[in-house]
Amino acid sequence: MGLRRSSCSFSCLILLLVVAVCFSGSAKAYKNYTVGDSLGWFDKLEKPSVNYQKWVSGKQFSLGDFLIFNTDNNHSVIQTYNFTTYKQCDYDDAQDSDTTQWSASDPSATEPHPVTVAVPLVKEGMTYFFSSDYDGEQCKNGQQFKINVSYGQGLPKNLKEYTPPSPQQDSSPPSPSPSSPISGDEDAAPDTIVPSNFNNPRQEDKGDDEKAEKSSASGSVFSRKICNFLGNYSLVFLASVLLFDLMS
């Protein structure tokens with residue numbers, strides 16, 4: 001009987017540890033990430049030291065977080081869920097259902113001026129960013145990166161039901177940005193406007209790289225479902241095990 005009680009107690013401890021790991025990140029605040037940190041959002045021809053995929057490394061992006069792009073009116077900010085669009089650095093042939101131009105360059109401008117664009121992360125899974133100006137030359141010269149967005153806390157209410165903003169150009173005011181846009185700043189997500197179709201982008205199967213990325217995103221969804229299941233049934237299971245333990 002002593003051995004049985006020890007086994008039951010050990011099972012309870014293991015289950016509690018699993019549940020704790022699953023929900024350990026639930027209290028984290030939404031974050032604002034400044035893309036490229038002090039280097040901003042530019043291509044290697046303008047700033048040779050930029051490496052956006054290296055900047056992404058080690059960061060955990062979640063729904064409701066913001067990416068802050070500090071750039072100028074000679075560069076654009078394109079967000080897409082389409083791997084082919086990203087790989088080809090091509091916005092002109094992109095689909096409205098899966099690609100958004102958050103900021104457009106202004107060819108008529110006589111000189112560059114600063115532009116700041118705040119982009120909310122509103123869909124779980126792989127998301128791609130690039131600048132498509134000069135027939136994709138900026139993108140091909142390092143102005144691109146990809147991230148995997150996890151569920152985190154889920155979307156806040158102010159990011160669920162809005163319409164797309166018009167692309168920001170020279171005559172447009174800066175897009176709304178979170179307060180204190182410092183990389184990793186843990187502020188609440190601000191009010192903004194986002195494309196309503198972000199929750200239902202067009203999905204395509206485009207090669208081994210994209211399949212691997214989709215598999216990674218699917219794994220994240222599966223893990224979250226397991227955690228939700230454990231959260232819903234852990235108390236019932238624990239009560240049953242403890243009752244059995246006492247009656248033995």
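Glycine is no exception: its Cβ is also placed from the backbone N, Cα and C atoms.
Per TrEMBL, the feature signal peptide maps to 1-29. Here TrEMBL flags 31-151 as domain 'Phytocyanin'. Annotation comment: TrEMBL describes 156-219 as region 'Disordered'. Under the heading compositional bias 'Basic and acidic residues', TrEMBL lists 202-214.
When the domain 'Phytocyanin' (31-151) is classified with DSSP, helix, strand and coil residues number 22 helix, 41 strand, 58 coil. Mean predicted confidence for the domain 'Phytocyanin' (31-151): the pLDDT average there is 94.
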